[in-house]
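Let me begin by presenting the structure, written as structure tokens, before commenting on it.
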Amino acid sequence: MSVCVSKTLGRKLTELIKHVHSTMGLHCVLVLCLFSGWAVGYKQGDNVTLYVNKVGPYHNPQETYHYYTLPVCRPEKVHHKSLSLGEVLDGDRMAESLYYIRFKENVEKKTLCKLTLSEKQVDELREAIEELFYFEFVLDDIPIYGFVGYIEESGFLPHSHKVGLWTHLDFNIEYNGNTVIFANVSVKDVKPVPLEEGAGTAMGGVGVGGGSLTVTHTYSVRWFESTLPHARRAERLRDYSFFPKTLEIHWLSIINSLVLVVLLLGFVIIILMRVLKNDFARYNVEEEGGCDDLDHGDNGWKIIHTDVFRFPPHKSLLCAVLGVGAQFLTLATGIILMALLGMFNVHRHGSINSAAIVLYALTSCVSGYVSCSFYTQINGQRWVWNIILTSSLFSAPLFLTWSVVNSIHWWSGSTQALPATTVLLILGAWVLVGFPLTVIGGIVGKNRAGSFQAPCRTRNIARQIPTQPWYKHTAVHMSIGGFLPFSAISVELYYIFATVWGREYYTLYGILLCVFAILLSVGGCISVALTYFLLSGEDYRWWWRSVLSTGSTGLFIFVYSVFYYRNRSSMSGMVQSTEFFGYSLLTAMVFSLMLGSVSFWASLGFIRYIYRSLKMD
């Protein structure tokens with residue numbers, strides 16, 4: 001009996017493995033299609049499917065609902081389009097529409113459907129129009145935007161408040177050869193149907209009776225030939241925007257920031273090198289031995305050579321911060337390089353979301369390796385706990401924040417609420433890929449870890465730290481170390497916020513790479529300068545100080561997010577506010593971990609350099 005059961009289980013396991021392999025192959029093909037941007041060719045008269053997607057308030061980009069939640073024309077059976085992971089994360093819920101569009105065939109005022117709206121449905125449309133609801137359609141991966149209706153406020157005494165529904169849409173589609181280049185919708189020559197409270201009055205062929213309102217939805221399609229090739233159709237999408245343009249070429253601002261940063265770094269490096277040169281000349285006078293012979297009542301960083309490499313408290317947490325920071329540094333670099341290679345087509349919805357999730361899972365080995373390797377170097381014993389802490393340091397806050405945000409989206413009926421299948425897919429990616437790679441990276445790092453390589457020996461008894469002036473306290477160093485990197489990216493930060501929390505397409509990845517390099521350079525140099533000032537005061541507690549000083553940039557970024565929400569955007573409501581501040585906190589945490597890791601390694605390299613030079617001389 002047990003043999004039969006074993007054979008059955010083995011056969012099922014083999015079939016499951018084959019299914020997983022075939023599924024993985026299919027996913028690889030889908031990923032390649034996602035980043036390739038292949039052109040879809042049509043023949044004269046071929047059907048061009050128009051998908052309806054979502055609607056939402058104009059000022060709340062992340063508060064979106066399915067288009068068919070409104071009382072609009074819809075098929076008897078709704079057929080949804082298969083979406084990628086990135087599209088689902090982006091809140092897309094595409095479904096086939098009743099619009100019948102044929103390639104290069106014009107249509108003039110064709111009836112879509114005739115609806116009889118109840119008084120409740122009219123009130124729903126009025127409320128949506130008053131909240132400036134816009135819709136998003138998708139045709140050949142091209143987003144098409146338009147407002148649901150028209151609202152007009154005029155006069156003070158008497159005050160008039162008019163609300164109208166657009167019942168006719170003009171689709172303007174551009175083509176080149178057998179491909180679609182661009183599409184938009186217009187209501188330029190159309191009059192809205194007025195929606196009065198209580199179902200209104202009959203106007204413009206609209207019938208009213210018994211508290212109901214009858215409207216006829218129509219549409220027109222016009223095709224225009226374009227000379228723009230399909231490979232460059234993203235330029236057409238950037239030139240035309242339904243939403244106000246806020247992003248412009250801002251090389252002048254970047255050059256200004258670059259000049260200021262170069263001057264700052266030059267000032268720090270020159271001053272620091274001159275001071276170090278004087279220190280070396282003073283400390284190495286008539287010195288013939290190593291570091292252990294340096295003791296003649298001197299002050300400054302020389303006298304703490306037996307304590308500067310004393311391992312800090314909370315070693316496991318420090319190593320976890322360094323590991324996760326290195327992971328996000330790798331992740332950010334990979335995303336920017338992929339963008340520079342043109343792998344994120346603006347017509348492919350959510351492609352950057354998919355890439356971020358995949359890269360986060362694959363780069364988990366980096367966090368495990370860096371964390372466990374350094375933890376072993378500083379004589380850490382609980383390496384299993386270190387791996388668990390590293391894997392959950394960011395994923396646990398992320399899951400908690402997402403749970404709150406997703407629950408609110410689910411409660412409000414927003415399309416931003418992830419379906420159960422997507423949640424299981426993401427959870428499976430972390431359980432089956434992210435966490436195992438963290439463990440593997442940790443084991444490899446532990447086995448390949450060498451010695452700490454401290455230039456000087458550490459005494460058993462710690463030296464007493466003298467009282468420090470107020471300008472050398474942790475809060476002051478955090479203020480200085482956080483503000484300077486933030487000032488280096490403050491110009492670009494607005495454009496990033498306008499992209500993430502708005503509806504802009506960010507394409508200036510070359511500028512972003514420059515700003516990213518500036519940010520890391522400033523963070524490293526400021527950390528070195530602050531560490532030197534700390535050691536000069538005979539304070540050897542630089543380990544955590546180096547992480548916190550530049551890592552405090554995340555606090556400045558969160559404060560800026562509050563400023564952006566109140567003064568640079570028109571977002572409001574519980575749904576939008578919860579998502580904005582929840583994910584802004586996570587963004588601040590990412591910057592803190594990443595910059596804290598960079599500043600620590602810069603400080604460690606600097607300290608090893610000065611004490612090694614002192615010993616060798």
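Backbone N, Cα and C atoms are what each Cβ position is placed from, and that goes for glycine too.
Heads up, TrEMBL stuff is auto-annotated, nobody curated it.
Among the features that TrEMBL reports, transmembrane segment is placed at 20-40 (among others).
The feature transmembrane segment is assigned by TrEMBL to 251-273 (among others).
The transmembrane segment annotation in TrEMBL covers 317-344 (among others). With a cut-off of 8 Å between Cβ atoms, the residues of this chain six or more beyond the transmembrane segment (317-344) that come close are 35, 351-352, 355-356, 359-360, 363-364, 366-372, 374-375, 378, 380, 386, 389-390, 393-394, 509-510, 512-513, 516, 520, 543-544, 547, 590, 593-598, 600-601.
Among the features that TrEMBL reports, transmembrane segment is placed at 356-376 (among others). Here the transmembrane segment (356-376) has long-range neighbours at 31, 85-86, 89, 315-316, 319-320, 322-324, 326-327, 330-331, 334-335, 383, 386-387, 390-391, 426, 429-430, 433-435, 437-446, 448-449, meaning same-chain residues at least 6 beyond its ends whose C-beta is under 8 angstroms from one of its own.
The transmembrane segment feature in TrEMBL is assigned to 383-405 (among others).
Among the features that TrEMBL reports, transmembrane segment is placed at 417-444 (among others). Nonlocal intrachain contacts for the transmembrane segment (417-444), taken as residues 6+ away from its ends with a CB within less than 8 angstroms of a stretch CB, comprise 85, 88-89, 357-358, 360-362, 364-372, 383, 386-387, 390-391, 395, 406, 409-410.
TrEMBL lists 475-497 (among others) with the feature transmembrane segment.
Marked as transmembrane segment by TrEMBL: 509-535 (among others). Residues 250-251, 254, 257-258, 261, 264-265, 268-269, 272, 275-276, 300-301, 304, 308, 329, 332-333, 336, 339-340, 472, 477, 480-481, 484-485, 488-489, 492, 496, 541-542, 545-546, 549-550, 553, 595, 598-600, 602-603, 606-607 of the same chain lie 6 or more positions beyond the ends of the transmembrane segment (509-535) yet place their CB under 8 Å from a CB of it.
Residues annotated as transmembrane segment in TrEMBL: 542-565 (among others).
Among the features that TrEMBL reports, transmembrane segment is placed at 585-611 (among others).
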Recorded stretch, among 383-405, 542-565, 585-611, maximising Cβ pairs under 8 Å relative to the transmembrane segment (475-497): 542-565
Spatial neighbours of the transmembrane segment (383-405) far in sequence, C-beta under 8 Å, 6+ residues away: 316-317, 319-321, 323-324, 328, 364, 367-368, 371-372, 375-376, 430, 434-435, 438-439, 442, 446, 578-579, 582-583, 585-586, 589-590, 593
Long-range Cβ neighbours of the transmembrane segment (585-611) (under 8 Å; 6 or more residues past either end): 276, 279, 291, 301, 305, 308-309, 321-322, 324-326, 328-329, 332, 393-394, 397-398, 401, 453-456, 481, 485, 519-520, 523-528, 531-532, 535, 542-543, 546-555, 557-558, 561
